[in-house]
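Q: One structure coming up, written as structure tokens, with questions to follow.
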There are 2 protein chains.
Amino acid sequence: MEFVTGTPKKSMSKQDLAALVGQTVTLDGMVHALRPLGGVTFLTLRLPDGAVQCVAAPELLPGDLCEECAVTLTGQAAAERRAPGGMEVRLTGLEVLSRPAQPMPVPVSKGRLKLNLDTELGLRPVVLRALKERAVFKIQEGLSRAFREYLTGQGFTEVHTPKIVHAGAEGGSNIFRLDYFGRKAFLAQSPQFYKQTMVGVFQRVFEVAPVFRAEKHSTPRHLNEYTSLDFEMGFIRSFQDVMDMEAGFLQYAMALLARDYADDLALLGVTLPQADKIPAVRFDEAKRLAAEKYGRPIRDPYDLEPEEEHNIGRYFKEEYGADFVFVTHYPAKKRPFYAMDDPADPKYTLSFDLLFRGMEVTTGGQRIHDYAQQVAKMEAKGMDPAEFDSYLMIHKHGMPPHGGLGIGLERLTAQLCGLDNVRRASLFPRDLSRLEP
Amino acid sequence: MEFVTGTPKKSMSKQDLAALVGQTVTLDGMVHALRPLGGVTFLTLRLPDGAVQCVAAPELLPGDLCEECAVTLTGQAAAERRAPGGMEVRLTGLEVLSRPAQPMPVPVSKGRLKLNLDTELGLRPVVLRALKERAVFKIQEGLSRAFREYLTGQGFTEVHTPKIVHAGAEGGSNIFRLDYFGRKAFLAQSPQFYKQTMVGVFQRVFEVAPVFRAEKHSTPRHLNEYTSLDFEMGFIRSFQDVMDMEAGFLQYAMALLARDYADDLALLGVTLPQADKIPAVRFDEAKRLAAEKYGRPIRDPYDLEPEEEHNIGRYFKEEYGADFVFVTHYPAKKRPFYAMDDPADPKYTLSFDLLFRGMEVTTGGQRIHDYAQQVAKMEAKGMDPAEFDSYLMIHKHGMPPHGGLGIGLERLTAQLCGLDNVRRASLFPRDLSRLEP
């Protein structure tokens, strides 16, 4: 009998390599670029976390070696001032593991590709091999890792809740429908009902998962499928507790990125924002401040237009040096039925959005926990509580005061990396016209 | 201007409390049970990670205090040999934050609920508050945490790939269809194409996300939506590298559970399996061994029936004391078009399943990386390569040898916890008849 013992082969990263200067190393990677120069050949090897310059005598390399060959290299790791990262590998051996059938359709080994967005997204499966493209998704990984690590440290439990559902949480027509064995079903617009349910079980929960919005917008800020970072917490004294938790996460995330993703940040020229002190301003006050300063009249007193979000972000950057702004107390008519109204003025809710460099990246707030109050608000909105029996079960049998939020991971990534379109922060974006790759 | 500084309130866990014996403590929690006894009242308070016994003079408690009230308690933490966990809190103050509108429909404060599965699943939103019910999902959290931590340490990058797709990865009719702005779309059966794509970018990737299978089976082992732990790794020398990585994960996971989830394991009476040396046996050999030992003739030489899986598991438990068994070299006709055939005998593939206590919890193997080979296999299976253009782009432009696997998180949890139905390891299971809660 053979046995598997669980001692997998390590993968060598650029970071590992930096500790091995002066030694013989073996490296697996893709040939990212090949360039003959002055009697030697420079081979850039793509590694999981960067690329490393390798130098070879031309006779060492097979004649048909080309970009996007998979290779195993052997050589001496050496300090080299002129090489990117201050080191190179002087090759003594090379094994070709696989060869492409055709050259790349676009030169991914060049610095900036400058493709138009449609072309780029069509070629995404291979364009993502460009170092600057993939750096965006390393940073994205850092953000979701920070979210989980921080909340786990704060006593939250991770949950997995269904995406095929019998009713939408956000209402409206922006919901995908499907046939579920002959019954009408929907794709979850958010894990709202389920994360509230789980507050009754674990007090504090989070989920990182896809959500689906059948919005017929085609804008640089909308995706029809995105990754939502959701949390929900019980025993809050105010919705400020939820904002405090988000600010704590952002501080943790920026510190983690600075520590573990410095190369990716540098490659993209990203300056990390300050999250130590985030201004919080009421919705109507924020609208007024931005309207007065930038001379743009308020057209809809109940909602923020994208340009108003932009101006509010600009105002707080100029006046307070702030990249983040909490906008609080959104009008009740624009918030869903589970939002807690402000007892001081029920036209407003105990809720907030977080704007990051002028774009909404989070919606959150306190939820109704009392059964009678929730049923009354549903009825006032013309809804039939009987359709929400399984959700209202939690209110009926006891819930603590609670609140939470959802963060759009792609928007957060796009704003952090300074991308002009949220699609660039989704590996394989879904929009009105795009269902593949 | 007000500022949010990111210093959220801590939640007090049972574990925190254990360090505070002799001190005055304040605790947020739900009243899990209330029991007057000999002139005092015992109140069991439900905390995020367990429950703690509290004792109060009856006059301290409001007359309408009941189970599932949300409360904030103050009292002295004291060692108490007779209390569960060896400590209790002697109450000096109690604030009621909310009250249920109705008592619980079933006595969740009792040890075992003994509900039939249908009743239980219908009442899931509140039944999950039972300590033994929720312990299953703490253990589940530990498994997905272990998966991410272990793979991150092995140089894997986390990815998020789309769940609304234009083509299924697994073929067949077991796929949910939906209307996507007038176009035909599907729900992803697995992240297969995308995780392979990302191997070309990051070498090693993983994803924890929902997958959807429109299987018309109603069995204790099937869910129509489940959480898949997927990874894919480049530069493998053999599919054994993939099995080694899985064994490494399982060893890491069992150590993490023993360290961080001991109370939950004890509550459920779970004995952790050994994963140090996992036997690996060829598909046809495994069938023969089990058939001979248990006298059950082989009916289908190309597939494993559930009872055969059970018997193979039993065989390796009896002969080798093994809870896990890798079954390798599955027949090509039962594996998808991207599976690498065994060059030694192309009727079989370089693939495997992992059985855990007699049930398949993982499918994995090496994939085809060569463009011509992949196109030829698709054509041999009667497929049209043109329909898979965006997937084949990666083979055309170069891929390293690679392989990977998908683990069903709910099945892994159910087998670990000794549950008789995989639905019990899903918070809100989706099956042929169940679309809510």
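Each residue, glycine too, has its Cβ placed from N, Cα and C.
Unlike curated entries, TrEMBL annotations are predicted automatically.
Copied straight from TrEMBL:
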- A:P84: site 'Important for tRNA non-discrimination' (SITE)
- A:137-429: domain 'Aminoacyl-transfer RNA synthetases class-II family profile' (DOMAIN)
- A:E170, A:R213, A:T363, A:R367: L-aspartate binding site (BINDING)
- A:192-195: region 'Aspartate' (REGION)
- A:R213, A:A214, A:E215, A:R221, A:H222, A:L223, A:E360, A:G408, A:L409, A:E410, A:R411: ATP binding site (BINDING)
Q: List, in sequence order, the same-chain residues at least six positions removed whose CB sits under 8 Å from that of A:R367 (L-aspartate binding site)?
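A: Long-range Cβ contacts: A:Q196, A:E232, A:Y338, A:A339, A:M340, A:H402, A:G403, A:G404.
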Q: Given the recorded positions A:P84, A:T363, A:R411, which one has the fewest other C-beta atoms within 10 angstroms of its C-beta?
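A: Selected from the recorded positions A:P84, A:T363, A:R411 on minimum Cβ neighbours within 10 Å: A:P84.
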Q: What count of other C-beta atoms do you get within 10 angstroms of the C-beta of A:E360 (ATP binding site), across all chains shown?
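A: Its Cβ has 19 other Cβ atoms within 10 Å.
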Q: Cβ distance under 8 Å to A:L409 (ATP binding site), same chain, sequence separation 6 or more: which residues?
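A: Listed in sequence order, they are A:Q140, A:L143, A:S144, A:V208, A:Y226, A:T227, A:S228, A:L229, A:A425.
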Q: Could you break down the residues of the region 'Aspartate' (A:192-195) into DSSP helix, strand and coil, giving a count for each?
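A: Final tally across the stretch: 4 helix, 0 strand, 0 coil.
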Q: Spatially, which candidate from the recorded positions A:P84, A:H222, A:E360, A:R411 is nearest to A:R213 (L-aspartate binding site), comparing Cα atoms?
A: A:H222
Q: The record names A:R213, A:A214, A:E215, A:R221, A:H222, A:L223, A:E360, A:G408, A:L409, A:E410, A:R411 as the residues that bind ATP; what is their largest Cα to Cα distance in Å?
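A: About 19 Å separates the two most distant Cα atoms.
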Q: I'm trying to understand the geometry here, so how far is the Cα atom of A:H222 (ATP binding site) from the Cα atom of A:P84 (site 'Important for tRNA non-discrimination'), in Å to the nearest whole number?
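A: Rounded to the nearest whole number, the Cα-Cα distance is 37 Å.
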Q: At the Cα level, what's the spacing in Å between A:E170 (L-aspartate binding site) and A:E215 (ATP binding site), rounded?
A: 12
Q: Along the domain 'Aminoacyl-transfer RNA synthetases class-II family profile' (A:137-429), what average pLDDT does this model show?
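A: A mean pLDDT of 96 is what the model gives the domain 'Aminoacyl-transfer RNA synthetases class-II family profile' (A:137-429).
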